[in-house]
Amino acid sequence: MVLVGCHVSIAGSIDRAVGRALDAGCDTFQIFSRNPRGWKVKDLDPGLAGAFRAAVSASGIGPVVDHMPYLPNPASPDAEIYEKSVAALAGELRRCSLLGIPYLVTHLGHHRGAGMEAGQERVVAAINRAFEDAGESDVMLLLENTAGEKNSVGTTVDNLSRIVDGIDAKERVGICFDTCHAFAAGYDLRTAEGVDAVLGEIDDAIDLSRLRVVHLNDCKGDLGSGLDRHEHIGLGRIGEDGFRHILRHPAVRRLPLICETPVDERRSDTGNIAKVRELAGA
């Protein structure tokens, strides 16, 4: 049995996301807790937060995963963007606490030509400040690996390890592993040996106990292309055999699996969830 779900909309009211997750056949699901394309955010209404928590509890599905909005860039050398990014991260941690969401996934941003080391140092400082500003919390911040786009931070396991090492409250940080991003960054997930290799590297450098969520996406780009273009499960360059190897690895089978696959006529979210269960042998 695997826990698999997808990203669902909060349109209309955040508690409606739970019904959408149930309709899609989710065992677990991911949301943006607010508009992901803007900086401004309204305070979370306590009544709505309570309704969301009640709906999740009644549904029997979970854990719920929240994803940071698109604009924050905690690696940015631009002072204004950086400060807004720290504030956004602290604010989202507080929102997760109110909503009872245990995991917040964040991208690590782009260093804008300042260099990987400088970018990593900014990310570490941003996370340390955000944790302090947000206050004590059971919410775990999950660092997501990136696809290897120009100037991106967090592409390699070594990048992620160096960031984790610099964080003061290490018990509050984990990893979200995105299969599309890993493949685009050069990690070959098409074979059992390739899957074993990258998970072994994570275990050696970071510890598999920090791996808490998998973003399960096929990849439109070739191995090492740096192309962050998600594809339906089994229809991209990783392929069905690759996902069989991924899904049958014991370190993956125990985790919440979130599909962030395209919205088009070829396959629905429900179809991707069914395909994951098929390939997992569940």
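Each residue, glycine too, has its Cβ placed from N, Cα and C.
Zn(2+) 2 binding, as stated in Swiss-Prot, involves GLU144, HIS215, GLU260; the candidate among ASP165, ASP168, ASP178, ASP188 given for that site is ASP178. Zn(2+) 3 binds ASP228, HIS230 as Swiss-Prot records it, and from the list HIS181, HIS245, HIS249 the residue named for this site is HIS181. Swiss-Prot lists HIS67, GLU144 as binding Zn(2+) 1, and of HIS107, HIS110 the one it places in that same site is HIS107. Restricting the binding-site residues HIS67, HIS107, GLU144, HIS181, ASP228 to those with a CA within 10 Å of the CA of GLU260 (Zn(2+) 2 binding site) leaves an empty set. Each of the binding-site residues GLU144, ASP178, ASP228, GLU260 was ranked by the number of other C-beta atoms within 10 Å, and first place falls to ASP178.
If you draw a 10 Å sphere around the CB of HIS107 (Zn(2+) 1 binding site), it holds 23 other CB atoms from the protein chains shown.
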